[in-house]
Amino acid sequence: MKKQGCEIEAIGINYTIYTQKRETTFNFFSRNQHQKCLRGVQELHEVKELEKGNNPKAIRHVLKDVSCRAKSGEILAIVGPSGAGKSTFLEVLAGKIEPQSGSIFVNQKAVDKARFKKISGYVTQKDTLFPLLTVEETLSFSAKLRLKLPAKELSSRVKCLIQELGLEHVAGARIGDDRIRGISGGERRRVSIGVELIHDPRVLILDEPTSGLDSTSALQIIDMLKTMAVTRGRTIILSIHQPCFRIMKLFSSILLLANGTILHHGTIEQLSLRLMLMGLDLPLHVNILEFAIESIDTIQKQNHTLLSQSALMIKNSGKFTLQQLFQESKLIDEEPLSMSMSIHVGNELPSGFANSSLQEIVILTVRFWKIIYRTKELFGCKTLQMLVSGLVLGSIFYNLEDNLVGAQARVGLFAFILTYLLSSTTEALPIFLQEREILMKETSCGSYRVSSYAIANSLVYLPFLLILALLFSTPLYWMVGLNRQFMAFIHFLLLIWLILYTANSVVVCCSALVPNFIIGNSLVCAMMGSCALFSGYFVSKNEIPNYWIVMHYVSLFKYPFEGFLINEFSGSGKCLQYMFGMCLASGEQVLKEEGYGGAESLRKNLLIMVCFILLYRFISYVILRIRCCEGGFKKMLILR
């Protein structure tokens, strides 16, 4: 049954960006985020000042007075050459970026941008999906996060959508990517569309949905969208570079852009007639849109002439309205704008999140665990690595003596364990970077809270890292012959667990900040190297210059290193040196000389390690919150 949809109307959209680069050490934020920082009244004022100055090349008008209308049950295709402003205009319509001027209406009524996202879907040109999830799991998790429905209804909706997308034969196959074999490019594009269709949006906006696909797959995608528009009454707006003739016939209307300005808005037939009236004859076997793009200069000159004539008529009569000027300048276009208000969606739009914070955390945790379990490099290889390294270290430092030589060997072992565990953590960085990209996409459409993601990301690694700590600690501890007390072993295991979790938190924090793996890897290595240097092992605390002493106290190595020493020598009753049957140096005496305490100091060090973990997790949450929230970007003027 065809349901009533939405009519989208954009009037006078103008969008301008800076092209003059500002030198910065690191460009941590993406192009879209950079553009978000260039909005608002202050930016518009600066643009006007630049226009008045002597450097007009410092700005670029991406969109110039762009107006259009997309009707329910139809496909509006935005076409034009590269750099015409197609993607930018789609981002404006989807609420991703805010223009300097202009208005967007839904059924002739202004709608709040955040609430409009609830009834719309935006499919980016790049397929941002988890490669290790199956098609059905991807759509199922999207449904759970965006819909508040019973489990049976959610499952039924996912299956119906899979059938509608024509993905039944690959429902159980993994998505895959460049490294992991999975479904085809056309099927992956359908999944991306399905993720945005799961909440049954009235408006669907797609950026280059046929990009990178062969002609058959591209035709299938557009034909599927046409069917959805007609049968479900959806308003579909998409950008496309050069569609073939069969795809072109499926469009209800087109918006031809060039250099950010409108050359034509109407049907293909109207464009053909318009070109013919201009004296442009369509050659045989040439696509009308390709011919129009090749004839851009001629069309622009014609439009400029018509606008000049219209302006002259206004000057002479003074009675023409803006609407008449708009219609006059288009030569041949659609019917005049209707002022009837079919649906007042402003009060009907859903608001808030579909789930509570606890439900979001559970759903995201389950999704994270599936990804970790299926990531062989992280789960299988890391598990084997920790077990083997524990056995190797245990065999190297096997059954150390309880004397000064053995004590020195123990100290060296503890220092190596810290360096090894805290420095071999960057393998998870690509996973976090991929998750961040998907997080920004999902939170932008209101699927869940950033805080829920941060908590779920923190919880999911706790059992995994505990398993790794057990595999590493158990053979190492008893083979070396460390403190034989069982509670000492528990404390050692807890220290290893917290070390792994601290390293994980540092990587999460860096991945939230850096733009790519190379910079992230360099930053993590630099942090770990500096922490090792100022830990107190390579350079004692008393020998560190005063202007570097702060680094000693913020070192991630200091507190677990002290914890190892306290746990090994405090309360163990070990004597490290005898003379004439008397103990000259016990473990407790050595600790006191170095300024370390007993069990209370161990608890203090454990608490400080927990505080470091919470601090890095909180910083990563703040960074992600800034990245995902537009309000934060408006306050941060970050220019290239």
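In case you wondered, yes, glycine gets a Cβ from its N, Cα and C as well.
Pulled from TrEMBL:
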type	residues	note
DOMAIN	45-284	domain 'ABC transporter'
TRANSMEM	379-400	transmembrane segment
TRANSMEM	412-433	transmembrane segment
TRANSMEM	454-480	transmembrane segment
TRANSMEM	486-510	transmembrane segment
TRANSMEM	517-539	transmembrane segment
TRANSMEM	606-626	transmembrane segment
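Counting Cβ pairs closer than 8 Å to the transmembrane segment (517-539), the top stretch among 379-400, 412-433, 454-480, 486-510 is 412-433. At the 8 Å Cβ cutoff, the transmembrane segment (606-626) and the transmembrane segment (454-480) share at least 3 close pairs (sequence separation 6 or more) and count as touching. Among the stretches 379-400, 454-480, 486-510, the one making the largest number of Cβ pairs under 8 Å with the transmembrane segment (412-433) is 486-510. Outside the transmembrane segment (454-480), and at least 6 residues removed from its termini, the chain residues within Cβ reach (under 8 Å) are 360-362, 364-365, 368-369, 372, 379, 382-383, 386-387, 389-391, 393-395, 397-400, 410, 413, 421, 435, 489, 492-493, 496-497, 500-501, 504-505, 508, 617, 620-621, 624.
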